[in-house]
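This report concerns only the one structure given below.
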Amino acid sequence: EENGHQNKKLKSDADEEDAEDQNKKTPKRKIVLLMAYSGKGYHGMQRNVGSSQFKTIEDDLVCALVQSGCIPENHGEDMKKMSFQRCARTDKGVSAAGQIVSLKVRLIDDILEKINNHLPSHIRILGLKRVTGGFNSKNKCDARTYSYMLPTFAFAHKDHDGQEELYRLDRETLERVNQLLACYKGTHNFHNFTSQKGPRDPSAKRYIMEMYCGEPFVRENMEFAVIQVKGQSFMMHQIRKMIGLVIAVVKGYAAESIMERSWGEEKVDVPKAPGLGLVLERVHFEKYNRRFGNDGLHEPLEWTEEEEKIAVFKEQYIYPTIINTEREEKSMANWLKTLPIHDFNSSAVEMQTNNKNSK
């Protein structure tokens, strides 16, 4: 009995030594992970170290990386040690079907399976690729594509009477929506579409490649449509405000001329659509792919083989969350009630003049 106990002890010591040897044998490599997640209940993607009350997607990801043995525990506490970089900081409640993070990990066997085993089912790692040592997913990204899923009654004219759930988008209204969304294409000063920039801040200028609304479809007796937008990069709340302003125009609260005005220097009251329907669809690395994609050492950062897994994840976790939350919490319906409160006519200059006159 005594000997048996002794043997067990020696065995556990040997296991620890084996694990250490294994770690030395598996050097760290720079990789990217393709991530999909449903953002409901999370305070966005980016981790706030030291702030445990606001749970983020990266909190769960880092835990899974440590538990699966890909990174040492101290790298979880200081993410710079693993050169961690996310491609896009998604806001509170926003989901992703094609988020990319770059980091250095130990390339252990069955790495994806092991990471996913330590993640909740609404966060999945769908793919992995090796990248160049200096790769940074944020800096090397040329463009990002987002989608925004919304119930089509958002486009019903403000004087429209009838049940929201029974509303169906007609061809004429869809064409008007697309005509307005197309106005965003090109480079504009979007300082009115975020709270973070002044009118003369050069970084408020952003380039939009495409923006359109697809054909409507019915889910659980409610009609929805998906708006797609591709741009170089977006500021906080920019997409939600771009969509919010188009809704205000289509519903008849604001004149079409407000869009041109919003790119000028004056302050314009731009409403911000709910975060619920926003999804980071994919991120683009066209320059990187041209330079390194076919160099014989690295693969292009394209995910054609993972497309099916992405589609399944969206059907299983992202769309049902958007639809059920909309039905239960009525986020779009409640937000639409706030549109009449906005002042779409007077500019900041007019408001100041009025204030002086009233004094």
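Every residue gets a Cβ built from N, Cα and C, even glycine.
Predicted automatically and left uncurated, TrEMBL annotations should be read as such.
Annotation comment: TrEMBL describes 1-25 as region 'Disordered'.
Per TrEMBL, the feature active site, nucleophile maps to D91. Proximity of D91 (active site, nucleophile) to non-local residues of its own chain (separation of 6 or more, Cβ distance below 8 Å) is seen for G44, M236, H237, G275, L278, given in sequence order.
Marked as substrate binding site by TrEMBL: Y146. With a 10 A radius on its CB, Y146 (substrate binding site) counts 24 other CB atoms from all the protein chains.
As annotated by TrEMBL, domain 'Pseudouridine synthase I TruA alpha/beta' applies to 184-286. Residues belonging to the domain 'Pseudouridine synthase I TruA alpha/beta' (184-286) score a mean pLDDT of 95 in the model.
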> Taking DSSP states H, G and I as helix and E and B as strand, how many residues of the domain 'Pseudouridine synthase I TruA alpha/beta' (184-286) are helix, strand and coil?
Replying inline: 25 helix, 33 strand, 45 coil
